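Q: Below is a structure I'd like to ask you about.
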Amino acid sequence: MLVKLRFILWALVGVAALAGIWIALKPPAELPSTAEMPLDTIGGPFTLTGSDGQSFNSAGLNGKGTAIFFGFTHCPDVCPTTLARLSKLRKQAGGDDAFNIVFVSVDPERDTPADVGRYAELFNTPVIGLTGSVADIERVKKQFGVYSAKAPLPNGDYSVDHTSTVFLMDRNGKFVATLAPEEGEQVALEKLKRIAA
Amino acid sequence: MRRTSIAFLAFALASCGEQANPRIEISDAWARETGAGQNTGAAYATIENTGGADDELLAVTTDRATMPMLHSSESVNGVSRMRMLQSLSLPADGTVELRPGGIHIMMEGLKSPLKAGETFEVTFRFKQSGELVVPVKVEAAGAR
């Protein structure tokens, strides 16, 4: 009897040791990515701040499809490249009215409503620039499964690493598809046509 | 016999010496228009090394930005980030394209907005080929 109990106790010690080893060796959590989000939970209603400084509700986008991109105005390469690409493809998909292009700042500490407005205007086509309080932006990032983090630059300034996936929503604000920068123009155009009026 | 080999060796070395120079050509240098208040911009170009030896782009400078640097945009798991490059290898007989979403000249500390239609100069400094001053044309933000 005692031998059996001793055996069970030692077995428990063994299990605990293995669990400890597993915890120690387990790979670190990966960056959160939209791929891990159940697709039907992406998006949902939100309220942010428009370039005029007034509150902007996502209900105002309904009636048209929407391509939403998260970025920041001090972003010199990926953000303007994405917005330029969306603008060009929208013309091919049916014109400037075919769907909304929305730019949401993930750098609300620097990006004022006027900043996102000026940035959006650069593309000579309607682009809706949005920013908000840090809490507002965090909430919307979570709704879309968007990641962002400051990355320091050598001169004390910072850049922002961020999800560069574009989210395509239908005329009722329901998630349709994502569009990655790596996807070819033809694939991108086909996807955008699905949300075009 | 020995003399012939030496002569041949000398000839081989000399002809190597003739070929072993990189020749750099920079084309299609352009930058994207920026808005008021934006402190960063990006410039792009195609760098061709038509010579027989490797070269390396060591630095870029311009009057228009306090800290221009070579950057590469990279996307991992859908997250894009910029990585600073210390230098850029230019293999013999090769072409390296600085293009949107890839390697670019990050114009950190823009002194004034880059206006569509204007041209400014960027100096490219190479390890072997010295310096090349190239006019960079500013294109409309939505142009490409």
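Here, residue 1 is simply the first one shown, and the rest follow in order.
Cβ atoms here come from the backbone N, Cα and C positions, even for glycine.
Features from TrEMBL:
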type     : residues                   : note
BINDING  : A:Cys75, A:Cys79, A:His162 : Cu cation binding site
DISULFID : A:Cys75-A:Cys79            : disulfide bond
DOMAIN   : A:37-197                   : domain 'Thioredoxin'
TRANSMEM : A:7-25                     : transmembrane segment
Q: Tell me which residues of the chain lie with their Cβ under 8 angstroms from that of A:Cys75 (Cu cation binding site), as long as they are six or more apart in sequence?
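A: Once residues fewer than 6 apart are set aside, A:Cys75 (Cu cation binding site) is near A:Ser159, A:Val160.
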Q: Tell me, by DSSP, whether A:Cys75 (Cu cation binding site) is helix, strand or coil?
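A: Looking at the DSSP assignment, A:Cys75 (Cu cation binding site) belongs to neither helix nor strand, so coil.
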Q: Using Cβ atoms only, which residues of the same chain lie under 8 Å from A:Cys79 (Cu cation binding site) while being at least 6 residues apart in sequence?
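A: Residues satisfying the criterion: A:Phe69, A:Gly71, A:Phe72, A:Thr73, A:Phe103.
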Q: Where does the mean pLDDT land for the domain 'Thioredoxin' (A:37-197)?
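A: A mean pLDDT of 95 is what the predicted model shows over the domain 'Thioredoxin' (A:37-197).
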Q: Within the chain of A:His162 (Cu cation binding site), which residues six or more apart in sequence place their C-beta under 8 angstroms from its C-beta?
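A: In sequence order, A:Phe70, A:Gly71, A:Phe72, A:Val106, A:Val146, A:Tyr147, A:Ser148, A:Ala149 meet the Cβ cut-off.
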Q: For A:His162 (Cu cation binding site), what is the secondary structure state per DSSP, taken as helix, strand or coil?
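A: For A:His162 (Cu cation binding site) - judged by DSSP and reduced to three states - the answer is strand.
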